[in-house]
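Database features, via Swiss-Prot:
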| type | residues | note |
| --- | --- | --- |
| MOD_RES | 1 | N-acetylalanine |
| DOMAIN | 38-73 | domain 'EF-hand 1' |
| BINDING | 51, 53, 55, 57, 59, 62 | Ca(2+) 1 binding site |
| DOMAIN | 77-108 | domain 'EF-hand 2' |
| BINDING | 90, 92, 94, 96, 101 | Ca(2+) 2 binding site |
């Protein structure tokens, strides 16, 4: 899903670092997976991969399954991790993360 954007080895390392429930940190994950240093275009491409229902927003249910977009065998985020992730990215308070909010979150 992220071919041409992210390296498989980086994805594997990023997932390994947050295997245990409660250890997910979006900033650390973005850095490990190599997203932080990507172009605005690649960051947008990643958004559209994560936006599974193609609504133009990443909603809470999509955030919960965020890690599984990178690898089908990955765990779901805990409710606390999901809510913290949403709160960090949802700057306009509409309950979802739009593409511009996503870009700002990745670069934060």
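Just so you know, glycine gets a Cβ as well, placed from its N, Cα and C.
Everything Swiss-Prot records as a feature, shown here on the structure.
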residue	record	DSSP class
51	Ca(2+) 1 binding site	coil
57	Ca(2+) 1 binding site	strand
62	Ca(2+) 1 binding site	helix
90	Ca(2+) 2 binding site	coil
96	Ca(2+) 2 binding site	strand
101	Ca(2+) 2 binding site	helix
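In this structure, the CA atom of residue 92 (Ca(2+) 2 binding site) is 13 Å away from the CA atom of residue 59 (Ca(2+) 1 binding site).
Non-local neighbourhood of residue 55 (Ca(2+) 1 binding site): 96, each in the same chain, at least six residues away, with C-beta under 8 Å from its C-beta. Looking only at the recorded positions 1, 96, the densest Cβ neighbourhood within 10 Å occurs at 96. Less than 8 angstroms from the CB of residue 62 (Ca(2+) 1 binding site) sit 50, 51, 52, 53, each of them six or more residues away in the same chain. With a cut-off of 8 Å between Cβ atoms, the residues of this chain six or more beyond the domain 'EF-hand 1' (38-73) that come close are 1-2, 5-6, 11-12, 14-15, 18, 24, 79, 82-83, 85-86, 89, 94-99, 102-103, 106-107. Calculated from their C-alpha atoms, the gap between residue 1 (N-acetylalanine) and residue 94 (Ca(2+) 2 binding site) amounts to 27 Å.
Residue 94 (Ca(2+) 2 binding site) sits 10 Å from residue 59 (Ca(2+) 1 binding site), taking the Cα positions as reference. Counting every protein chain shown, the number of other Cβ atoms lying within 10 Å of the Cβ of residue 51 (Ca(2+) 1 binding site) is 20.
DSSP assigns the residue listed as 'N-acetylalanine' to coil in the three-state reduction, outside any helix or strand.
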